[in-house]
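Structure record follows, encoded as structure tokens.
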Amino acid sequence: MENKPLLEVKNTGIQFGGLKAVQNLNMVLNQGELVGLIGPNGAGKTTSFNLLTGVYVPTEGDILFNGERVNGLPPFKVTRKGISRTFQNIRLFNDLSVLENVKVAYHSLAKHNILSSVFRLPAHFKGEQEMEEKSIEFLKIFSLDKYKDELAKNLPYGQQRRLEIARALAAGPKLLLLDEPAAGMNPQETKDLMDLIAFIRDKFDLTILLIEHDMNLVMGVCERIYVLDHGQLLAEGSPEEIRNHPKVIEAYLGEEVHDVNA
Amino acid sequence: MKKSKQFWPFIIVAVLVYTVVQILISNGMLNQFYSNTLILIAINIILAVSLHLVIGITGQFSIGHAGFLAVGAYLSAIVTMKLHLPFVVAIIVGGIVAALAGLIVGIPSLRLKGDYLAIATLGFAEIIRIVFLNIDAVGGAAGMQVSHLTTWTYAFVCLVITIIVIVNFTNSRHGLAAISVRENEIASDAMGINTTYYKVIAFAIGSFFAGVAGALFSHNFYIIQPSQFGFLKSFDILIFVVLGGLGSLSGAVLSAILLTVVSTYLQGYPETRMIIYSLVLILVMLYRPKGLMGTMEITDYFKLWRTPKGGGQHGK
């Protein structure tokens, strides 16, 4: 924990016209941590993700990844630096097969250029072969390999979520951002997902930041939690601290007034 | 590393088709009318396939393809008629200049999406046409005389090269990247793909082959005029792609053949020609709303080529 943080968000914010969607966001993520980001609807959680991944350019502050500024870079460059994400509403390549979905993520790791593909030079076959083998290996880790030729849109919902995580991992990130990975899942699927998240963190030596509404999931797997409300950081701490934090209770349940049987 | 399974069958079929037609032409069994129709079919297939790369694969709705056809047509005509260089040089120059035009048009306009991109490309194509209309050196509205140099051999070789290049591009990581842009641009970006680069590249390759088609086109008639490259021509090409099924290369090829034959045959009935042509389009769209082939490739039917919809693993 003493060494340089992997991700440092310094006083970052974004303004859309007169609306300050996120302001004064300060976050520090260390290598190997599993951190949660929670908050009521409209608190700015997904906006924060969009700031981190370059979808939005912050109007104030800086985002340092591995000590390097990443704000202002286009999303594809941020991904190549090692920040990859999933989406709240699943964004798979629906008409591509499961295997191809993962292969797309390997794209920037393969090196053969357009000419070698057009003329079918040896580099093309080598590169494509490598992409295919690596992608299949990946699908095996997520036990999706039996679906590899299935179209992504034909997978059951829970599997689509898993595929999206697999695809994000295939891009080779150091920091993985998961936007509501358990949304719409039943308790059993959520349980499996929690195990999966813990597993991939150890297996790939990842740092994970996840947005979640499911309190069980957040409290169960996260080591630290940031709470956002109205675009501002409300609290930060261990799950236990957050659970008992008066401001958090207020934001989630409304002000604690008098009676219990209200 | 195995060669792709369908590559050699494709080459064999191509050589067979070429030889048979060439023998028929040199025997005089196919008269001028038929051989001209065959050349026209080849040109239309090149156009359809090149637009298929832009619309069907990369998902960028461009309706200015006739503009690049015009660039190729005029530039190649200048090379043969004014500079007196061989036809092969003219074809290459036509393609390269059209690709450059594609880059110039594509870099600013591919930031736009959907309808807006369509309108922008339509506008650019009109600009290109008006430019040629106002250059006296190429004859202005009266047109430019071009000698008849396009033969079945030229047309067919260009056609085969076009198909091979576009199939090879599609079935590689680059093609997959382009398809991912079509499927979901935001996700594609988030997966580390430079979406702008692939849109522009696909657009430039598409324009290159439109330029090649333009060279064949201008040397297939004795005169070219700006009016031949209006937006109706763009729509003709668009119809090939949509009717064949967006995302299906063989669909684009089939519909280009079908529609060229229909419209050539209907030239005998000028009064009802457009009515019947339109009826054909309406009927196909009613009964095959996803196009003739949907997103399938013809090879899917033969089980030779297990390409998942939208192109995919091949070369294995």
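Note that Cβ sites are derived from N, Cα and C of the backbone, with glycine treated the same way.
Heads up, TrEMBL stuff is auto-annotated, nobody curated it.
Among the features that TrEMBL reports, transmembrane segment is placed at B:7-25 (among others). Nonlocal intrachain contacts for the transmembrane segment (B:7-25), taken as residues 6+ away from its ends with a CB within less than 8 angstroms of a stretch CB, comprise 35, 38, 152-153, 156, 160, 163-164, 304.
Tertiary proximity for the transmembrane segment (B:37-55) is limited to same-chain residues at least six positions away from its ends with a CB under 8 Å from its CB atoms, namely 21, 30, 61-62, 65, 69, 150-152, 155-156, 158-159, 162-163, 166, 169-170, 178, 202-203, 205-210, 212-213, 216-217, 220, 237-238, 240-242, 244, 246-249, 252-253, 255-257, 259-261, 264. Positions annotated as transmembrane segment by TrEMBL: B:37-55 (among others).
If one looks beyond the transmembrane segment (B:62-81) by at least 6 residues along the same chain, the residues whose Cβ comes under 8 Å of a Cβ in the stretch are 47, 50-51, 54-55, 87, 89-91, 93-95, 97-98, 101-102, 105, 117-118, 121-129, 132, 138, 144-147, 149, 203, 206-207, 210-215, 217-219, 224, 226, 228-231, 233-235, 237-238. Annotation source TrEMBL lists transmembrane segment at B:62-81 (among others).
Within the chain carrying the transmembrane segment (B:87-107), a Cβ under 8 angstroms from the stretch's Cβ atoms is held by residues 64, 67-69, 71-73, 75-77, 79-80, 121, 124, 128, 149-150, 154, 158, 199-200, 203-212, 214-216, 219, all 6 or more beyond its ends. The transmembrane segment annotation in TrEMBL covers B:87-107 (among others).
Sequence annotations record features per position, and here TrEMBL assigns transmembrane segment to B:114-132 (among others).
TrEMBL lists B:152-170 (among others) with the feature transmembrane segment. Long-range contacts of the transmembrane segment (B:152-170) within its own chain (CB-CB distance under 8 A, at least 6 residues past either end) are made by residues 10, 14, 17-18, 21-22, 25, 35, 38-39, 42-43, 45-46, 49-50, 52-53, 57, 87, 91, 178-179, 205, 209, 212-213, 216, 220, 249, 253, 311.
Residues or ranges marked as transmembrane segment by TrEMBL: B:197-217 (among others). Remote same-chain residues near the transmembrane segment (B:197-217) are listed as 39, 42-43, 46-47, 49-51, 53-54, 57-58, 60, 62, 65, 68-76, 87, 90-91, 93-99, 101-103, 105-107, 110, 150, 154-155, 158, 162, 165-166, 169, 174, 177-178, 181, 224 (criterion: CB distance under 8 Å, separation of at least six residues from the stretch ends).
What TrEMBL records for B:237-262 (among others) is transmembrane segment. With a cut-off of 8 Å between Cβ atoms, the residues of this chain six or more beyond the transmembrane segment (B:237-262) that come close are 37, 40-41, 44-45, 47-49, 51-52, 55-57, 63, 65-66, 69, 163, 166-167, 170, 182, 276-277, 280-281, 284-285, 288, 290-299, 309-311.
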